[in-house]
Amino acid sequence: MRTSYLLLFTLCLLLSEMASGGNFLTGLGHRSDHYNCVSSGGQCLYSACPIFTKIQGTCYRGKAKCCK
């Protein structure tokens with residue numbers, strides 16, 4: 001009987017998370033923009049990109065630039 005209540009509670013939590021936008025569930029498996037920048041050979045900078053580099057994206061949820 002306790003198992004069925006636990007399963008029902010878990011199901012309710014998952015459904016409420018999906019109804020609110022599902023940020024937790026969709027965030028699983030996604031890499032941060034900082035990780036993507038650094039792993040592709042870039043640098044995350046808050047200031048302008050150095051000479052001979054270009055902006056390749058963003059870092060820290062759009063607060064910095066990925067320079068490569």
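Backbone N, Cα and C atoms are what each Cβ position is placed from, and that goes for glycine too.
Residues or ranges marked as signal peptide by Swiss-Prot on the basis of a large-scale study or a structure entry: 1-21.
Annotation source Swiss-Prot lists disulfide bond at Cys37-Cys66 (among others). Around Cys37 (disulfide bond), the same-chain residues six or more apart in sequence whose CB sits under 8 Å from its CB are Gln43, Cys44, Gln56, Gly57, Cys59, Cys66, Lys68, listed in sequence order.
In the three-state DSSP scheme, Cys59 (disulfide bond) is classed as strand. Annotation comment: Swiss-Prot describes Cys44-Cys59 (among others) as disulfide bond.
Counted within 10 Å of its Cβ, the other Cβ atoms near Cys67 (disulfide bond) come to 20, all protein chains included. Here Swiss-Prot flags Cys49-Cys67 (among others) as disulfide bond.
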